[in-house]
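Before any comments, here is the structure.
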Ligand SMILES: NC(=O)C1=CN([C@@H]2O[C@H](COP(=O)(O)OP(=O)(O)OC[C@H]3O[C@@H](n4cnc5c(N)ncnc54)[C@H](O)[C@@H]3O)[C@@H](O)[C@H]2O)[C@H](O)CC1
Ligand SMILES: [K+]
């Protein structure tokens with residue numbers, strides 16, 4: 001069953017896979033006796049693809065999307081997905097080599113009209129259409145995601161031009177080390193284009209997508225998919241079809257338009273570690289008074305529009321020396337037991353942090369206002385901090401070390417200052 005996060009924990013070997021014939025039959029039933037129009041199905045399919053992409057690849061990191069769209073309905077899914085991705089905040093581009101399309105059903109809506117409707121909508125959004133000949137030879141540093149919407153379950157034989165060349169370009173991406181950011185993610189719609197619909201990548205030289213979004217139900221070739229993200233989309237399958245084809249499919253969570261098949265891939269925690277590349281924090285730049293430095297950095301954090309720049313983490317520890325960092329009044333009790341405390345301002349967006357460690361002296365509530373304003377500026381930070389965290393009574397730093405450090409790598413200059421009410425001598429050390 002799908003867990004709360006919307007990921008199905010149903011393993012991929014306990015679900016149904018369709019043959020090419022079954023997939024085509026289901027399409028016919030959906031658009032025949034069941035009354036769906038092809039553009040309704042395409043709209044839901046395209047939305048599923050966009051939803052699956054948005055679930056894994058955030059637009060803040062993967063914004064530039066190239067949708068390569070084929071002549072059939074798989075291509076139509078790609079056009080629709082691109083439109084939804086635009087509205088989700090991505091920057092889509094379309095490569096759509098064959099605008100002319102064979103009429104889908106004589107007398108009914110032809111793909112040409114369908115796709116043209118999608119084309120008009122995309123052009124009205126300013127989504128650029130890039131001719132094949134204008135595509136960069138190496139897609140690596142130009143796009144973050146490539147949506148493979150060239151062929152679906154009606155593909156057969158070997159890809160004819162210009163799709164043979166386009167598939168070759170995607171192939172070359174698949175050889176890149178995916179941990180290198182510049183290699184785009186490949187997302188295949190329904191079938192990795194060029195694969196045999198049932199037997200998969202029979203040549204071993206097919207594209208290797210990172211994500212596959214199977215529509216209606218996975219096709220047999222999906223058994224050979226070994227990328228990290230397999231999703232099911234096309235949330236329109238009525239019980240009559242589930243029954244007729246004995247479909248075992250993961251339930252869609254809530255109102256989601258897609259559901260993950262199989263487990264969420266393990267994340268390599270060490271790969272999450274960022275190399276900070278912010279400008280080095282050099283001693284000669286630092287304000288003589290650490291509190292001026294704090295004030296300068298605090299103003300930068302406010303100007304940078306960081307969320308709650310005055311938010312800080314105050315860690316205390318009780319008599320037993322164990323630290324607790326929750327915001328309950330227990331903190332106040334611990335501070336009275338053990339006045340040693342440290343607080344941290346971490347400004348992620350600027351790769352900076354300020355750590356303040358010291359002893360907190362408790363003052364009675366009514367004194368706190370005068371006390372707060374009468375203190376030398378230095379200790380006001382602590383009073384500010386203790387006020388902020390609702391210690392119960394405003395406290396003030398009696399003796400503290402203030403450490404301003406930039407978390408850039410490899411050398412972090414640390415500005416430490418010990419100060420008491422009177423002596424605010426600063427000393428520097430570099431580590
Ligand atoms: N109910 C569903 O499953 C839905 C599926 N949808 C999508 O529709 C495709 C199937 O669409 P269809 O138009 O039948 O076929 P394709 O898109 O796969 O493309 C056929 C198109 O490609 C040409 N072609 C075939 N082989 C080759 C080749 N070797 N070289 C070049 N060109 C080739 C062929 O002539 C046709 O013009 C399905 O996969 C889903 O993505 C619906 O959108 C939603 C409902
Ligand atoms: K495809």
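The backbone N, Cα and C atoms fix where each Cβ goes, glycine too.
Note that TrEMBL annotation is computational and uncurated.
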Kindly point out which candidate in 39, 190, 201 is recorded by TrEMBL as part of the (6S)-NADPHX site with 73, 74, 75, 76, 77, 152, 153, 154, 155, 156, 157, 158.
-> 190
Since TrEMBL lists 74, 148 for K(+), which candidate among 14, 16, 19, 193 does it give for that site as well?
-> 193
For (6S)-NADPHX, whose listed binding residues are 73, 74, 75, 76, 77, 152, 153, 154, 155, 156, 157, 158, 190, the greatest C-alpha pairwise distance in Å = 22
What's the CA to CA span in angstrom from residue 153 ((6S)-NADPHX binding site) over to residue 74 (K(+) binding site)?
-> 8
Taking every protein chain shown into account, which of the binding-site residues 75, 157 has the largest tally of Cβ atoms within 10 Å of its Cβ?
-> 75
How does the model score the domain 'YjeF N-terminal' (23-249) in terms of mean pLDDT?
-> 90
Distance between residue 193 (K(+) binding site) and residue 75 ((6S)-NADPHX binding site) at the Cα atoms, whole Å?
-> 11
Protein Cβ atoms within 10 Å of residue 74 (K(+) binding site), excluding its own | 25
